[in-house]
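Engineer: So TrEMBL lists these for the protein:
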type	residues	note
REGION	1-68	region 'Disordered'
COMPBIAS	1-13	compositional bias 'Polar residues'
COMPBIAS	21-68	compositional bias 'Low complexity'
DOMAIN	208-321	domain 'SEA'
DOMAIN	318-355	domain 'EGF-like'
DOMAIN	365-401	domain 'EGF-like'
DISULFID	CYS369-CYS379	disulfide bond
TRANSMEM	557-579	transmembrane segment
Amino acid sequence: MTELTTLDNKYSDSTTEKKSSQTTAETTSQTEAMSTLPVFTSMTSSTHASSTETTAGSSSTSSQSSPTVNVSTTIIATTPPVITTAPLATTSLSTTSEVPLLTTTRTTPPAVTTAQSTTPACVGSRVVDIRLEAVPSTVISVSWSVKNPVPQMEYTVKLSYNSSTIQKVTTERKMEYTNVLPAVTYTLIIEYPFCGKRENATMNITTVAKIYESYTRIPGEEFVPEFKNQSSTEFKKFVARFINEVEENLPPEYRELINANKMRVVVKEIRKGSVIVDFDLVTSVTVDLTTSNIQANVISALNKSALGIDLNQTAVTEADACKRDPICSENAQCVTVGPTYTCHCNPNFIDKNPQVPGTDCQRSTTDPCEGSCSSLAQCIATPPSGHQCQCYKGLIDENPSNPGKICKDPVGCFSEGTDLCSSRNTCLKSKSVCSLGNVFKSTVELKSWVFAPALYDPTSDDWLYLSLNFTLTVVKSMRDLLSDDTFDLSIVGFKKGSIVVRLVCGFSGDKAEEETTLQTALQDAVHKNLDNSAVVTVEKIAGLEEGLSQGWRVATIVLGVLLGFVLLVIIVIALTFILRRRTNNSYQVQIGKRNGDLVPTGANGLYNYNYA
């Protein structure tokens, strides 16, 4: 039997303001919003720093709350959305994000109109979902999903009940608490750093149990009005005495279960008449005791006690757990199983968290396009009741007359060759990186990241933000690792599986790095800052300078050949002309004047040649 839970995640943030100030008429100062850009990363290693643990003791009251789904998000800043790495499952979020802003002051000349610039706000790591992994009556095991995870981030996890709190610190995105009490609603709080402040995610978890509903009348006890107030001293004193009397007279095996936190007595209410006590005997679901055994032993303990009960007005029965605010999804049914219950998702709903059945039920949707769409397309509804395939935005539909069947990724040419710097290759839009002396193409597979179709579209906020954060993170780290400030990269695009980043990178200078050396450095940079399970490939390609020099060499050769051919033609024509004249033994003699006298002029100047 698994434990059923109440989920209620809350995120607390605050808002910030940007202020601008002005000086005298000679200068105008303006405050501009600047943002820090943390990186997209993945959690990997774990450490536990244990703090003082307080075991939550027994209480006279218990509460079960129904699940609350209350989602509201308020973000104050100009902040494009960030990639969703995982969908909400069983938690509800309430987020108001405070965007910390760095400010700089720019002084402009007099009479110059100032202009405001808007820059992206801080993109921090945030817990977006808390998931129950296993919840028997005495154990609470949870994990959580994070958007933009940061390696080695410390999470402070607190489990509270009444005034008791157990606190632990971990770098793993999971936590387990043992020795908890059955039928108790605990509050789980996960605290973590976010953009220079502390943020938390909260979840209420009610442990499952077998509940035996009981009551007894105590004729000799006088009812006082304070018994109606469970916070009053009189109520607490009576409850403590009642529980002690019952537990002291239970069999030894029952007291052992109580000491092991697997059984407890919980007083729910004190009613008038003389005094009627409504209480539960609660056990862990693993306790193997029959209802008849519990009935006999509880009534016997009451009868042996000094309470002076009325046996004719004493009873112990199995509680109808489904009437005790069962923690089932609104799309699930509660099914009574003896003194406890379980939840089952309704027909046509899928249980997304089978470890804790029936707490996260989502509607099952069949593919109305019957699988006829391309893997790069989605099936969308067309009014009034039709459906059709449509390539994801950013992709090319090669057969628009039959949409969504043949979709092509425009940057698929990335893998078709190594001539990415060629003017004929349209994969790489900006070829500035190609002007570097050493140029490589690379793929980085972020295995722990989740792909979103928006990453096909270079104009989407998801594409722009991931590209920007990846570039800033990797370039900074690579420059440190290579001790070369000229290192740069350009994103070509993203591919599904989990997320495959396709890029061109390089650095200037005479130093030539081997592919394996650069691959090792790039892998270290990605493992350290983004995803320690990432797979990196690197391949040398021809840079723009090399391509241009080769082009000029080809052009020079072609031009040389053409000029040589023209010169050869001229020489051939000249020789032909001379040989023809020699063969005919004739020249045309022209008469010219020289110093007023008539003189013969010929093809060879002022001389006249005669042939015999």
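Keep in mind that glycine also has a Cβ here, set from the backbone N, Cα and C atoms.
Could you place the listed features in the three-dimensional structure?
Structural biologist: In this view, CYS379 (disulfide bond) is surrounded by 17 other Cβ atoms within 10 Å of its Cβ, with every protein chain counted.
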Engineer: 10 Å Cβ neighbour count around CYS369 (disulfide bond)?
Structural biologist: 16
Engineer: Please work out the mean pLDDT for the residues of the domain 'EGF-like' (365-401).
Structural biologist: 82
Engineer: Which numbers of helix, strand and coil residues does DSSP report for the domain 'SEA' (208-321)?
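Structural biologist: Helix, strand, coil within the domain 'SEA' (208-321): 43 helix, 37 strand, 34 coil.
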